[in-house]
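S.K.: I'd like to ask some things about the structure below.
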Amino acid sequence: MKIQKKLTGCSRLMLLCLSLELLLEAGAGNIHYSVPEETDKGSFVGNIAKDLGLQPQELADGGVRIVSRGRMPLFALNPRSGSLITARRIDREELCAQSMPCLVSFNILVEDKMKLFPVEVEIIDINDNTPQFQLEELEFKMNEITTPGTRVSLPFGQDLDVGMNSLQSYQLSSNPHFSLDVQQGADGPQHPEMVLQSPLDREEEAVHHLILTASDGGEPVRSGTLRIYIQVVDANDNPPAFTQAQYHINVPENVPLGTQLLMVNATDPDEGANGEVTYSFHNVDHRVAQIFRLDSYTGEISNKEPLDFEEYKMYSMEVQAQDGAGLMAKVKVLIKVLDVNDNAPEVTITSVTTAVPENFPPGTIIALISVHDQDSGDNGYTTCFIPGNLPFKLEKLVDNYYRLVTERTLDRELISGYNITITAIDQGTPALSTETHISLLVTDINDNSPVFHQDSYSAYIPENNPRGASIFSVRAHDLDSNENAQITYSLIEDTIQGAPLSAYLSINSDTGVLYALRSFDYEQFRDMQLKVMARDSGDPPLSSNVSLSLFLLDQNDNAPEILYPALPTDGSTGVELAPLSAEPGYLVTKVVAVDRDSGQNAWLSYRLLKASEPGLFSVGLHTGEVRTARALLDRDALKQSLVVAVQDHGQPPLSATVTLTVAVADRISDILADLGSLEPSAKPNDSDLTLYLVVAAAAVSCVFLAFVIVLLAHRLRRWHKSRLLQASGGGLASMPGSHFVGVDGVRAFLQTYSHEVSLTADSRKSHLIFPQPNYADTLISQESCEKKGFLSAPQSLLEDKKEPFSQQAPPNTDWRFSQAQRPGTSGSQNGDDTGTWPNNQFDTEMLQAMILASASEAADGSSTLGGGAGTMGLSARYGPQFTLQHVPDYRQNVYIPGSNATLTNAAGKRDGKAPAGGNGNKKKSGKKEKK
């Protein structure tokens, strides 16, 4: 008991020293905790947050976690309390077997700071295991001649606990022949031996029953028992003897299964059954019994399972030899396992970033890596590296930890991802290595602007394109990815001819296709300059511009326009004069036309499409000049009708036609004399008016019917007055009727000859109007022109006039329009005019029938139009000065029935001349004096 107490005190002193040493080490840098084994899951181990200088909230926010190597996690972190707790029940015996102290080492990784803190937790043993023997019963024989003092080794008990909780003492049940002696072995465990105290007598007691008790030093004390049966046999005086006092062998760990490792040998000089020796393991660990096999007859030891240097570096076992009479001998066998390089390094990626932006600076941490090799010596010394052509490097930390960092700035546009191979190799022979791959994606940032495929674009578009048609497309590309490469197109706002660009063009924001919002006209504009912007969807967005030139191509969409002779609204033209004495090639007139197109679409050619007298006239192909093709003959008709076609050279060609009326005569007076023989009749117009009113009355309501009746009565009254005036013609001063001629196409005719005709000198209230039928195709024949007649008026009416009929007012020399008086509707005329402009087709037809030309002015050649005799001043129209402004003012020559006013020229008033309505009328001078 004294010895046991002494041992207990020593153990406590050793534990105290060991604890002080651990505390000193923890104070030097490591964090040290202790926890009893078999505590419940979640038991408190230590305040790790306090020891690390962290707040409990930082355990969750900072990514603090436990990094352990190759085993199930034994501990966990409580983020709320900041404490280290057990993750499961811990069995110290399973974890450390008989090792003391039992330390569990791991690292605390603070990912936010990328720091490692080593932590050691000592597992404190508790008395949770009872000492046990491998056998429940032990039976052996002892010769009765065995001398007192003979020692018999007994099986020793095993207690998985350590320290005071391990096996501390043995006790043998009381027996007069046997006693117990416990020997302290050199390798640590106690070896119980049974000592024969007095000689045996088989005849007195053949079998002895003993109980061996093994007890530990825990609180409470635990114990195990072994029943021993000793059979006393007859005398066998020679026990087996081994050839060696101890067997020792070195075996490489990679020996094949079933390899004979060594052979023990024991001899017995006895004969017969007393000399037959059998072998068996005695007092071996259960793991040893699982790995090795002992042949009971030959003593051969072989391995049943692979040897592992990393598990056991040396195996110690005891082999027992027993003869047939029960005598035994024991020998110790030591098998040392030699390490071979059979374990490749283990690479563990503790923390890794799978994606990194391309603009991160060098030194960015990508991964945290640990390397471990279970071999020893050079076989367990490892190095770690990556390929040298990568923009990364490995930096070694503590305890075989490495971190992978960027060595230079990454560029996703060059390489969008990396497959990094990390190789760990040991120094064994042959060297073993392990490769681990990390896939790293380089994420994009918006560092590239869109780039167009061309520096500038040009496109040619035919005019008259349909609205909404696709006319061009631009494309740009962006080296970035995802939304940073999603390009939208837009037009930079500009103006074209005062209108916004968006009114003409639009662009598809996704495809870059340009669409026309309207049909373009080459004659309006011929090109457009615009800029297209390509913008990506990055943050912030980047953009680039490109210039685009759109050129319109002319299409033949405009027919030639005939400038001269100008076409009045009713389609008729003026009358051109060709003298009878004209030689072949005589210039009669000239057709002037233009085309708003360009190029060959505007090249014009002229041809004579139709003529009333084929072969009489010709038209210049490119000049449009109408000339006589032969000399004029008496048999040629006085009126020649020509249809001239003007055609451009477009595809398809467009054309326009004009009808010319050529009068064959030497003088204008001849034509007027021939045409004046026709008697004007006012009744057709009255009948037309009546018919018009009847048709209109059928289409309108009853209200309009009353109005038509009143209007008809008014017209009949006027007609009655005119008949009364004609009946009083006895006192009317006569004038040849041939001096007043109705001419077909009067409005065009009077573009050249501007005259106005009046019957009396002072006809302010009533003028005699001679409506003339519209002869559209032929001039009045010569026979009709030879008829003589006089127009008469009542003498009383003539006496009221102050000017003679023979005196004619000079024509209005300002017969051209000013810029503000170009042909247009009545609403565009000068406000100074007192006349009324016809505003419907009916009034226009009446106006044409009532306009007369002055014969006397044409006969004496005093016209202010200019030109030589017989030409009627036509040459002035063919010169370069002829423009569209050379249009007569018809209002100087017009009398409106039912009105007491005539249309006048405001310019005449400014010149101090009398209005055309007064100066243009023929008045008799004699009557003027009488008045």
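From the backbone N, Cα and C atoms, a Cβ is placed for every residue, glycine too.
Because the structure is a prediction, the values reported are computed rather than measured.
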S.K.: From N685, N900, pick the one Swiss-Prot annotates as N-linked glycosylation site?
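M.R.: Annotation hit in Swiss-Prot: N685.
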S.K.: Fewest other C-beta atoms within 10 angstroms of its own C-beta: which of the glycosylation sites N265, N419, N545 fits that?
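M.R.: Sparsest of the glycosylation sites N265, N419, N545 by Cβ contacts within 10 Å: N419.
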S.K.: Helix, strand or coil by DSSP: which one applies to N545 (N-linked glycosylation site)?
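M.R.: DSSP call for N545 (N-linked glycosylation site): strand.
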S.K.: Under DSSP, the domain 'Cadherin 4' (348-452) has how many residues in helix, strand and coil?
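M.R.: The domain 'Cadherin 4' (348-452) comes out at 4 helix, 54 strand, 47 coil.
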S.K.: Distance between N265 (N-linked glycosylation site) and N419 (N-linked glycosylation site) at the Cα atoms, whole Å?
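M.R.: It is 61 Å, counting Cα to Cα.
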S.K.: Work out, from DSSP, the number of helix, strand and coil residues along the domain 'Cadherin 5' (453-562).
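M.R.: Split into helix, strand and coil, the domain 'Cadherin 5' (453-562) gives 7 helix, 50 strand, 53 coil.
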S.K.: Reported as an integer number of Å, what is the Cα distance between N419 (N-linked glycosylation site) and N545 (N-linked glycosylation site)?
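M.R.: Taking the Cα atoms only, N419 (N-linked glycosylation site) lies 38 Å from N545 (N-linked glycosylation site).
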